[in-house]
Amino acid sequence: MTMGATQENGDDEMDQKVKKYLRGEAANLEGLKDKKLKGQLAVREELYGKSAKAAAKIEKWLLPSEGGYLEAEGIEKTWRIKQESIAREVDILSSRSQYDIVLPELGPYTLDFTSNGRYMAAAGRKGHLAIVDMKTLNLIKEIQVRETVRDVVYLHNELFFAAAQKKYPYIYNRDGTELHCLKEHGAVLRLQFLKNHFLLASINKFGQLHYQDVTMGEMVGNFRTGLGCTDVMQVNPFNGVVALGHSSGTVTMWKPTSAAPLVKMLCHPGPLSSLAFHPNGHLMATSGKEKKIKIWDLRKFEVIQTLPGNAKTLNFSQKGLLAAGTGSFIQILADFSGSQNYSRYMTHSMAKGYQVGKVLFRPYEDVLGIGHSMGWSSILIPGSGEPNFDSWVANPFETSKQRREKEVHSLLDKLPPETIMLDPTKVGTVRAARKKEKPTKEEREAEMEAAVEAAKDTDFKKKTKGRNKPSKRAKKRKEIIDRAKRPLLEQRIEEQEMSRKKRKTNAETEMPKSLQRFVRQKAT
Amino acid sequence: MKVKVISRSTDEFTRERSQDLQRVFRNFDPSLRTQEKAVEYVRALNAAKLDKIFARPFIGAMDGHRDSIKCMAKNPNYLKAIFSGSDDGDIRLWDLASRRTVCRFPGQQGAVQGLTVSTDGSVLVSCGSDCTVRLWNVPDANLADLDSLSDNSAKPLAVYVWKNAFRAVDHQWDGELFATAGAQVDIWNHNRSQPVNTFDWGTDTTISVRFNPGEPNVLATSANDRSITLYDLRMSSPARKVIMRTKTNSIAWNPMEPMNFTAANEDCNCYSYDARKLDEAKCVHKDHVSAVMDIDFSPTGREFVTGSYDRTVRIFQYIGGHSQEVYHTKRMQRVFCVKYSCDGSYVISGSDDTNLRLWKAKASEQLGVVLPREKKKQEYLEAVKNRYKHLPEVKRIVRHRHLPKPIYKAANLRRTMIEAERRKEQRRKAHSAPGSIVTESIRKRRIIKEVE
């Protein structure tokens, strides 16, 4: 019966995989009365099922690479294993990914990788910008801008990167040529790039958030957050919202089309020190200055787990491992059972004087890049990267021709900023009907009558000593009735004004072309 | 401890020689792709716009006839040919690729009312208002290519004279018989000079006849008394008849579902029926604003083309209530006959202005040899556009068609009239006892009765 058992397990596994590719539940066709539509939808659902099964089979049999792993034997614990012992066990090519670059004079370093993990941009605080090809460990270009550089981020491919310098952010070419100086952003503390929308988001010293479209140069949105200066900013890759962590302990989430944040949640009792998003978009890790790391579920906005630990920087890997760095100590947390229960997986201590500035996992590789006060390092974390890449999403072995094609295709598929929303699967679905309806005329009159009746029913205090005159009583009664009527009348006047304004704006747009300049512009 | 780290050797992931193709690796995991639905929506929008940019359906007009073209026939064995007959007795064989007359068949006196070709493509049958049926030899395809410049004339194989003028003719599929419609329905054999059989039900003239492609002995006819009659050759009497409110101008059987046929009616609609159950139409196809004169199915059985008196040609889905495409030109007057080409890519219309016009069946299709990658991409764009075509921005672009002003206004007028009628019906219903007024669905409303 063991064959039966293993077959059952295999079936369960396949079912899990198929579920992943189905992207949601099948539609319920029971309630449909239209037979033609029912037939068409049934055919569609069958096709979806077939393609999900085919994709699951491909995942099982046809993917070229397998993921990394680290297993401890006996009484050994994975978090006591040092990088040297890992380097001894793996092949030469992988052990070349473990190194330390020491550049003590040029300040704490921050890093960014391109989306295919091939190129890295490193920026030292004292103005050192460097681009390195990680495959060949070749330095492509390094420049010294002689100004404070606070952050660096790659744009859509390795040809362009943006550096947040002392007064404004600048965009540079791969050859180090300065292409643009973005004066509108101001003194930027952090930069983030939204891939699908080609938007460069920045937060500056005054707490202003700017979104700029890098294809057309158009400033899509600039908002005053109103919550002060902060340098904790991350973009959620799943839905494109930008999250800011503030010194009051709140995390706000923004989209470029609205001046008010989408979500404002109180995460920590003190200021936030860093923020990270899981690639599936449902998990967020935050750490506060009170030395706690919290893992949040973003669908319910609830804490799943609280871990002790000081983390100046957090980062999730493609496979869901969480790296937390503080001082000269880095710990990697992983959830082994898939139930979002994070526990220690690996740790790494660097030499005493090194202060970790930023940890960043390299995409599609089992490597963690660390930017610290004495330069940058790279260590091996087995099981953190996605082993199988898709050539049409991100290709680490891209030729220049493929890169050019990809650029054109991604420009054609550029999403408009309106598509950024908390739940990206809502695109193309039916919007729920408005439940509240405006009250009709009879209803309104009935309401007013009821209010008046209620007001008339009140009893008056009997005043003595000559103050209880009938004229004064009548006046008081009238005053109470008017007070009861007033809010309803005010509502009615408001609605009338709104409809008048609407009619007015309609009329204004119908004006002939020569008079357009006199039309009152609505303040945006 | 057991440890393994991802390590990719460059040889496995790059090509060996520059003559090889680049290697492509796929991982279909949805977590690698973010915001899939928004990307698909943007692609659907772009696909809809590109579709409209490339929508140039008109290929060319074939000039030559001197009077309005009343009937056409297609040769089932040879894709490039089409026969057309006009009101002055001129029958021509056209080559669609060069859009020129290959051969003329002179001899018919008076208007040519019907044309049909036998299933093996060797004999052309024509009938007209001079009470004759003429059989012609269809010239060989290869010879025709060589002599396409000179006007060849052919002599008729046989001429049969009969009692009254004929209105339509159709040939049996895979058989030796053909049927003519006139005062009654006659069944002829190629070799006999008199009809083998005659069917008569009612006193009015039959105006169109069509043999069933799947069942060679069944034929459908339509008559001036607003009826559609089904006959079976094996029985000596007609099988079934359905009387509608208005006259049916033409009938076409669905080649993929031979029990269904669609009738082009005088009241601007086309009605699809199941031949086994004639009491209710299966589908009503509305969109024309004047009488529908002719109808023909695509060989896929999924689309059909109609030509109407309102100077437009429309292409419908076989189950669609409204048209997918509408073709019109300033120079094209009343369309009397339409044919779908045998490969399903072209539509030919013959109209009052003595021209045959060749159109693409899919307006933005790329003609000629399409590379497999291009084809895949076009199929993908079509699929993604269909997935989002109900959303307002995409719908607006996909639905947009320019219509000539008279037709646009006529359509609006029709809509107002139908709306008014519907509203009045609703009010009558609301103000009478519940259940006393029963609304009939439009699929039944246009049928008066069914007769055995």
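Positions of Cβ are set from backbone N, Cα and C atoms, glycine also.
In terms of DSSP secondary structure, the domain 'Sof1-like protein' (B:361-447) contains 54 helix, 1 strand, 32 coil. Annotation comment: TrEMBL describes B:361-447 as domain 'Sof1-like protein'.
Summarising the annotation, TrEMBL assigns repeat 'WD' to B:62-104 (among others). For the repeat 'WD' (B:62-104), the number of residues in each DSSP class (helix H, G, I; strand E, B; coil) is 0 helix, 23 strand, 20 coil.
According to TrEMBL, the feature repeat 'WD' maps to B:105-146 (among others). If one looks beyond the repeat 'WD' (B:105-146) by at least 6 residues along the same chain, the residues whose Cβ comes under 8 Å of a Cβ in the stretch are 70-78, 80-81, 83-93, 95, 152-175, 178, 180-181, 188, 190.
Residues or ranges marked as repeat 'WD' in TrEMBL: B:285-317 (among others). Counted with DSSP, the repeat 'WD' (B:285-317) comes out as 0 helix, 19 strand, 14 coil.
Residues annotated as repeat 'WD' in TrEMBL: B:328-369 (among others).
If one looks beyond the repeat 'WD' (B:328-369) by at least 6 residues along the same chain, the residues whose Cβ comes under 8 Å of a Cβ in the stretch are 50-74, 76, 79, 82, 84, 86, 94, 96, 99, 293-300, 303-313, 315, 378, 403-404, 407. Each residue in the repeat 'WD' (B:328-369) has a pLDDT score, and their mean in this model is 95.
Shown for the repeat 'WD' (B:105-146): DSSP residue counts in helix, strand and coil, namely 6 helix, 19 strand, 17 coil.
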